[in-house]
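Heads up: the structure comes next, in structure tokens.
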Amino acid sequence: MYRTMLKSKIHRATVTQADLHYVGSVTVDEELMEAADLLPGEQVCIVDITNGARLETYVIKGERGSGVIGINGAAAHLVHPGDLVILIAYGQMDSAEAASFEPKIVFVDADNRIVNLGSDPTEAPDGTGLVSGALPIGPQVGEPQAFPVAETVDAARLDALLHAES
């Protein structure tokens, strides 16, 4: 069985241009492509942090060092200059490779310059103001709970609603 796994990600890039009348794709600075192990023509998912839009397209090579993240074609209806986006590429691999595979994670600044390279998709680099996606380690005995347990609260509300309707 093959699994579709995170292969690479450019996190919080700023869209520099959008051209509705282009044939399609996303133009990515060649330096960012190399850091994220992206090839011209490779399929990527674009997640727009600014407005929540998600779309799929393919990469074309942009000028090295330009910081370009250009949204081309119909996607320009959804993603606009100045929007923050995440570019995600997935790869298919067997279970053995998936167990040891390390994705390429690229964090950029507001000018799309590389500020951090890594392989842990849950890592939030220091100084970014981002929160890690990793599960928090629970409090020790006697310590207050660090995070509210939303699942328990939601389950209790759902149970109350179900019993109220019967």
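Cβ atoms are placed via backbone N, Cα and C, with glycine included.
If you look up TrEMBL, you'll see Ser25 marked as pyruvic acid (Ser). Neighbours of Ser25 (pyruvic acid (Ser)), defined as other CB atoms within 10 A of its CB across all chains, total 18.
The active site, schiff-base intermediate with substrate annotation in TrEMBL covers Ser25. For the recorded site, Ser25 (pyruvic acid (Ser)), the DSSP three-state label reads strand.
TrEMBL lists Thr57, Gly73, Ala74, Ala75 with the feature substrate binding site. Ala74 (substrate binding site) falls within a helix when secondary structure is assigned with DSSP. Listed in sequence order, the residues of the same chain lying 6 or more apart from Ala74 (substrate binding site) and placing their CB within less than 8 Å of its CB are Leu20, Gly24.
There are 15 other Cβ atoms within 10 Å of the Cβ belonging to Tyr58 (active site, proton donor). Feature annotation from TrEMBL assigns active site, proton donor to Tyr58.
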Fewest-neighbour residue among binding-site residues, criterion Cβ within 10 Å, set Thr57, Gly73, Ala75: Gly73
Cα-Cα distance linking Ser25 (pyruvic acid (Ser)) and Gly73 (substrate binding site), given in Å to the nearest integer: 7
